[in-house]
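Positions annotated as [4Fe-4S] cluster 1 binding site by Swiss-Prot, on the basis of sequence analysis: C28, C64, C93. Taken from Swiss-Prot, the feature [4Fe-4S] cluster 2 binding site covers C169, C173, C176, and the record attributes it to sequence analysis. The domain 'MTTase N-terminal' annotation in Swiss-Prot covers 19-134. Annotation comment: Swiss-Prot describes 155-396 as domain 'Radical SAM core'. Per Swiss-Prot, domain 'TRAM' is recorded for 399-471.
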Amino acid sequence: MTPTSDATTMTTPAGAAAPRVGFVSLGCPKALTDSELILTQLSAEGYQTSKTFEGADLVIVNTCGFIDDAVRESLDTIGEALAENGKVIVTGCLGAKAGKDGGNLIQEVHPSVLAVTGPHATQEVMNAVHTHLPKPHDPFIDLVPGAFGEAGIKLTPRHYAYLKISEGCNHRCTFCIIPSMRGDLVSRPVGDVLKEARALFEGGVKELLVISQDTSAYGVDVKYRTGFWDGKPVKTRMLELVQTLAEIAEPYGAWVRLHYVYPYPSVDEIIPFMATGRVLPYLDVPFQHSHPDVLKRMKRPANGERNLERLQRWREICPDLVIRSTFIAGFPGETEQEFEHLLQFLREAQIDRAGCFAYSPVEGAAANEIPGMLPLEVREERRARFMAVAEEVSTARLQKRVGQTMQVLVDKSVGLGKKGGVGRSYADAPEIDGLVHLLPPEKASKTYKVGDFVKARIVGTQGHDLVGQPV
């Protein structure tokens, strides 16, 4: 496996051979932000990154442990790094997972790793690095401040970035082990979040993706206390955070996109603000299922029976609203009737972008004890049926875009044709949604620049994507 891109290459004092660190980041955007913090701190202390395991003095692997496939990938990557380098520090969600004998899983499988930490453990990782690869001393580099709360090294393209507003989760969904690895909800101080956001916009970010385990619950742990930003009071709450982010983004013409938003009644307050256009009318809402009995077995928060009603009300207020969601098919005990209820919900809710997992037992999850585990072939068959309906809904909604003029953020400068491009509209988050394939501009001299916004008339569809002609 190739370590993280050399976009993170760090400067070294003249004449000094700086120690080199290989880095691999696995898992979700929340893990990616942890990686960015570690890499920023490494840079601040004068370490360099290596493109290869062999060329590094040691390797850091940031792991994922949410589902079995992710566990296997993480363990395989650690093994590869050990084979090619021999000195490996492990961090991330898998680092907090116990093995069969009650000890640490990673140390049971790979006892030669140098150190293991859980997620969101920048200082612990740095302590391990200092132990096994002492940092170079430089009087100028040593004055660089710490990275937390500031915009440091980013692993995303320059024009978009993830902004993590909290760590952990207060829910105990039966299929999930994240709280056991990342702990209960801890909201970042609102002033730190806003400071990082402004630094990102100043650095050229055109799209800010707000992430957490539960964005809607931001501030619950601190009882929505009032913080300060630019000398003004700002409540530690999702609505006030989003309003202030929009205010900061406006001079830069940048987008603000919300992810992991649970359908609490408090989200109703955000929708009118989305209708003004100051924040993208896009919500990533993890519904997981629609049937009340399945939701109870899942121990999902919020009132699932009213989700359809809530969605319809949101779209009445904000007709341009796009909903992305993820679901689980074949959860233990799911009957055919309950699954049909889910398919009907998908049709009626008109979910723009839907993903689905066939239920897979996760070691340590309470759902493993629920009676009625379905055969794998039934779970996979239901996932396939779900995705067929999801594609029908998505295709119909995409077709309605034909003839519209949309703002597109350019991700690639070469696409369909010699001077075409690829970008995304407000309806598409990076990596998980569709694209807008931009046809070559009518003026031969005009080209697309990554990170620019262009207006495009939608002239067709292409699978999950749109095709646009610049105007």
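Here the Cβ of each residue, glycine as well, is placed from N, Cα and C on the backbone.
In the structure shown, across all protein chains, C93 is the one of the binding-site residues C28, C64, C93, C173, C176 with the greatest number of other Cβ atoms within 10 Å. One way to see the shell of the [4Fe-4S] cluster 2 site is to take the Cβ centroid of C169, C173, C176; the remaining same-chain residues with a Cβ within 8 Å of it are H171, R172, F175, I177, I178, P179, Q213. You'll find the Cα of C173 ([4Fe-4S] cluster 2 binding site) roughly 17 Å from the Cα of C93 ([4Fe-4S] cluster 1 binding site). Each of L26, G27, K30, A31, T63, G65, F66, A70, G92, L94, P119 belongs to the same chain as C28, C64, C93, is absent from that list, and has a C-beta within 8 angstroms of the C-beta centroid marking the [4Fe-4S] cluster 1 site. Mapped onto DSSP classes, the domain 'MTTase N-terminal' (19-134) shows 53 helix, 23 strand, 40 coil. Residues in the domain 'TRAM' (399-471) partition by DSSP class (helix H, G, I; strand E, B; coil) as 1 helix, 33 strand, 39 coil.
For C176 ([4Fe-4S] cluster 2 binding site) paired with C93 ([4Fe-4S] cluster 1 binding site), the C-alpha to C-alpha distance reads 12 Å. C169 ([4Fe-4S] cluster 2 binding site) is surrounded by 21 other CB atoms, counting those within 10 A of its CB over all protein chains shown. A distance of 16 Å separates the Cα atom of C64 ([4Fe-4S] cluster 1 binding site) from that of C169 ([4Fe-4S] cluster 2 binding site). Looking at C28 ([4Fe-4S] cluster 1 binding site) and C169 ([4Fe-4S] cluster 2 binding site), their Cα atoms lie 15 Å from each other. Separation of the C-alpha atoms of C169 ([4Fe-4S] cluster 2 binding site) and C93 ([4Fe-4S] cluster 1 binding site): 13 Å, rounded to the nearest whole number.
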